[in-house]
Every structure is written in structure tokens, then in C-alpha cells.
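Listed features, source Swiss-Prot:
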BINDING   36  [4Fe-4S] cluster binding site
ACT_SITE  296  active site, proton donor
BINDING   431, 432  substrate binding site
């Protein structure tokens, strides 16, 4: 446990609640003190949904500490069972309430005797895993519970569908453009002649989990959530899974070819070949392939970028920038420390350096040191970019309200390639455009600010030096200002004049 004002991945109970609230007609009971119950507010604020967040907090207060929690927890479970009539009630402690070391499984067993709903305790170690790991584990636990229940009742659907079908695993609430991605995946699969059997957990019903084995194979679009479920289904029912993220032209092609391989391995009577579909989509539907060869994109060649986010999106974005757009990635990083080995393996050869950390200050310092032309990261990197006056495109959760758009903005599939191309192009500040804006806008309206993460500055610029600085084109002015101030600090100069600017230029070898 640590105190922080920004966390990339939250505590474990947030992941569990995200999975529970993604399913339809599932209610979550959170055994927690006041202060841990911010999930309701966060989800209600960010997700564009009409329904209330189905989470009830069983508050740990002084009365509970004096008498024990059992009576209150069991009462909350049975009350919600009568009021909401859910299919499943999921009980989760938080890292704070876990300190009490109570036998919550005993509470669940007792409540289950009095409830019509299924009651389940989230099997997550709240001290050892983060939000994403807990979400992955909780999804697998719920799927396993309902499949084993169906096996006992002898009503498990294991007969495969006549036409090729698929389950999409890992779409869930508060994910990065997950609902748009799901829609785009459905369109892509439909065009390939593949029906979607189930999508879980987003919008799915726990009562339909017994139908998962009917599908021919599974798709896991994001590594962070769904992989454990796919591995479980493969082990139990020999269901293959595709875990390539179809983000960017190259990976979307690999994704479709992998699907063809899976279908050919299952159905020996038919031959599945999607080459013609790939060619048509790449040439006519996706504008990204054409855009990558245009003069606009060639202007971005060898521009420096920094990428940071969850493992799935950071890897995909790094490969898109380098392979498809010719942009140099100075540093690729992720906050998914549990997936560090896979991340390093994937970005090897695509970037100059790798940063794996969940400390936002290290990421901010790295960006300030590299001084990229653009950043592609989370909401935090957007804040860092604003302070350093470096444009930032948001490509990964955690994100704020502007990345839960009402319009259709997928990042996966061929329509996703268009969105990414727009995001990349619009994120870079184009030199001539910036210069023209300043010429016609006038320099008196544009104030030059210090480009560093620290806001205090003991340096003074003379009027002449400021005027000279304003004559420098905007797209390199920030670098000149930082180099001059760095030179001044090294030489203990307090007032920066034109002479100091030229001396700094000489020392930099420019």
C-alpha cells in the first residue's frame, strides 16, 4: 500500500468492481471503510450510461469494529437480493478492510443460504495485485463458477455452432474506447462470416456463460483482461484463442490471418482465406496506408515521440509509429510491471529505450529529458505535456471524460487505423503552421513560459533577449530557451541577455 495522488492502475477492488458492473444484473457488495467507496462516483461520472452503478458499500465503521462484520455484511447481501433480484452478488473487500483478516467466505456461505441469487467472494489477494490483474482474475473466477455450476446441473452447452463463431473476452467498463472497439470488432468479424457468440463481461449475462464453449474460438483484444479466461477455456474445452491486438494495419492483418489459421485447424472440410478481404480493406477502407505515403506523413519522418500506457496499447502504438509512419520512438514504456518481460520482448528493436514503472514522476522526468515532438500516453502524460508545452495524444487508460466520446471512435480494426492516423498527425505541432500562426497572431499575445517540470525559476530575461527569443520559430523556441537557461544555471548567471544567448548557442555547438 502506498500514498499517491496519481496511480496508473488502482487497487485490486477497483478491478473486481469494474468486471462485476460490466455484467448485466450483477450486484457488487464492497466491504470497506468510507474513502474506499469512490468507484460509484468515478464510474457514474466517466461512463456514458443511463443505469446506476450497481455497487453497495457495506461500511466498516466503529460499530463494525466493535461487534464484527458478519451481521452487517450478511444483512446487506440478503437485502440487495430482495431489492434488486440480481443473478449474482459479488462480495469484495478492499486492501483496507482486508487488514481485519475476517472470514468473508463464511459470511458468503451464510448469506447464500438465505439468498435466491448466487453469492460469490472475489478471490483476489488485495496486497499483491493491482486493478488490472484483479479484473483478469475476477473474470476468470466468475466464468469458472458458472461453467462448473452448469456441469453439475448437466446443462452445459458444448455442441459447437454450425457456422464459425467466437467469444470476445475482456471488454469492460472504464476501458479505453472499449465499447467502440467492440462494435468495430463485430463489424470486422461479420464481414469475415464469423458470428459473435458472447461478449463478456461488458453487457453480458452470467446466465449465458454456460454457452461459452459453443463458440469455435476466443478473441482476447487486450492482454490486461481476458487472458486468464481464455487459457482456462482452452484447457477445459480445447478452445483456441487469438490474442493479437488488431491495432494498426500490420497487426490487423496478422489478427485476421491468425483467425484463418484457427478456422482451418478446426474445420478441415472448408478452406478459409481472407487475403482478398485484407487487400480490399487496406487499399480502400483504411485511409492510413495511403496517408502513410502522403507528403503530410512524410513530414513526420524521424520526428521524436514518447509512448507510455498499458502494455497492449503502448506496444501497438510503438509499432504503428515506427513501422507504419516512420516516426522515431525515443522511449516506450508501460505501467504494467507484471507484464514487463512480454513488453520488452515486443518493443525490442522499435525504440531507443524502455521504461517500466508505475511512478508518474519518473515518466515526467523522462519526457522532460528527451524533449520529444509529441507524447502518446495516458491522462497523466497529457498533464505533463501541457506543462512542458509538448502535444500529447491519449492512447491508453487511465483517461478522463474526453476519452469517453459519444461519437464512434474505435482504435481497433480498419476504422481504428483512421482514428490513430488522425490522432498521430494532429498531435504533432507542424513547424510552418505554428510559425504562420505566430506571424499573423502577433508576438505580443503569446507569452513564453518556462519549459520544465519545476515551476520555480530564479532566472530573469532582459527585454532585448526576450525579443530575440520571440523571433525564433515556435517549434524550436522551447528548446533554445531551455538550453539557454541550462547554460545560465551552469555558469551561475542570473540575468539572461542577448550575449548569454549567443554564448549558450556556441557551447551547445549549434
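Placed from the backbone N, Cα and C atoms, the Cβ positions cover glycine too.
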Inset, instruction - Could you find out if DSSP has residue 296 (active site, proton donor) as helix, strand or coil? - result: helix
Legend entry - Densest Cβ neighbourhood among 36, 296 (recorded positions), 10 Å radius: 36
Inset, instruction - Indicate whether the residue listed as '[4Fe-4S] cluster binding site' is helix, strand or coil by DSSP. - result: coil
Legend entry - Pairwise Cα distance for the residue listed as 'active site, proton donor'/residue 36 ([4Fe-4S] cluster binding site) [Å, integer]: 48
